[in-house]
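Below: one structure, written as structure tokens.
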């Protein structure tokens, strides 16, 4: 019993016999398994390539099963994945007659007992160079060996973030022998694509496929060909997270920028709103830049941020310019005729800017108002001054005080001050209206620009 138990412990024999098999037969199976293990490895060396003819290549088939995508580090361009790697080959020195060993057709032994091909991941990016797990191999009576081993790999992947967050990536996993050339090991892929039946869905990436191709490359160091199997992992990013956390807040903040033109100029918050929106977009831009690789390709959302920030900078500069127009003091010049005709007439009607008591549909007066009776004191002499002059013509010289030179100069000075004050008030009100019309005009222009930029980004992503 002790020897039989030791045999079962040293060699993982074929599956246990059914319950209806007598106990003596089950013990005999374990005894033959121990004898088989001893006979196979009595004169066996795992250091040499197991072929009868050393001039012939050994066929090795490879199959990769993708189990999980653990992480995609875009900044360092490293893909971490969990793979099941299956390798199969024929060992000419490990064959037996199963009838001579009580019908044992296969045994499971530690992989370190047999020769193994040195298949490695060429584009490995792990600093520890961790290989596959030391699992058992399945050895059949005809010498075929199958080795299934799980592995967590870190592979270098060229990340293209031009369309982030609506991007897709193509990550390659290249497997090949490190020391054996194509004349010694003929590496073949078992399937035309990686196995995705046991893939665990990733919350960020959607796997579109994993095609496999066989390549034969002659490197500069050696003249012999080296075959390899390249699995191309086709990934597409799930953009919902980035849409709700980066893109939509940016769009909503961008639509606040044109509203700075709608704020009254006397509120004192027009420039503050533009600067606040610019700082908010700068924070979002930094969040995107932290997760992207420092490359020359700017992501799509980064281009949108830059365009929006440029637009907000321009709107803030225009706001400062318009506020300067609004706050023209009494020393301002009159509005030029072309500006009065273009801004106060055409653009005011286009932007629906009207005075109190007017509407967009009501008839408007011409921008350059005609001087009527009520304006006689603005551009010409005041009515009182005309009457004084009229009376001066018929007033007797001995009883009229208007003929005193000092009094005439004072009255003329007061009338001139009054005329200048009325003209300055009219010019100031016209400049304020010019500023208001320009505010409304640029507000609609920037609203249209933000809308077109948002549609362009979403359309280009689609």
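Quick reminder: no glycine exception, Cβ is built from N, Cα and C everywhere.
Residues or ranges marked as domain 'Neurotransmitter-gated ion-channel ligand-binding' in TrEMBL: 34-238.
Taken from TrEMBL, the feature domain 'Neurotransmitter-gated ion-channel transmembrane' applies to 246-456.
Annotation source TrEMBL lists region 'Disordered' at 365-387.
Taken from TrEMBL, the feature transmembrane segment covers 239-259 (among others). If you look at the transmembrane segment (239-259), the same-chain residues 6 or more away from its ends with a CB under 8 A from one of its CBs are 164-166, 204, 273-274, 277, 280-281, 284, 287-288, 301, 304-305, 308, 311-312, 315, 442-444, 446-447, 450, 453-454, 457, 461.
Beyond the transmembrane segment (271-292), the same-chain residues lying 6 or more positions past its ends with a Cβ under 8 Å from any Cβ of the stretch are 74-75, 161, 164, 246, 249-250, 253-254, 256-257, 259-260, 263, 299, 301-302, 305-306, 308-309, 312-313, 315-316, 319-320, 323. The transmembrane segment annotation in TrEMBL covers 271-292 (among others).
The transmembrane segment annotation in TrEMBL covers 304-323 (among others).
Outside the transmembrane segment (441-459), and at least 6 residues removed from its termini, the chain residues within Cβ reach (under 8 Å) are 247, 251, 254-255, 257-259, 261-262, 300-301, 303-304, 307-308, 311, 315, 318, 322, 347, 350-351. Taken from TrEMBL, the feature transmembrane segment covers 441-459 (among others).
Summarising model confidence by region, the domain 'Neurotransmitter-gated ion-channel ligand-binding' (34-238) averages a pLDDT of 89.
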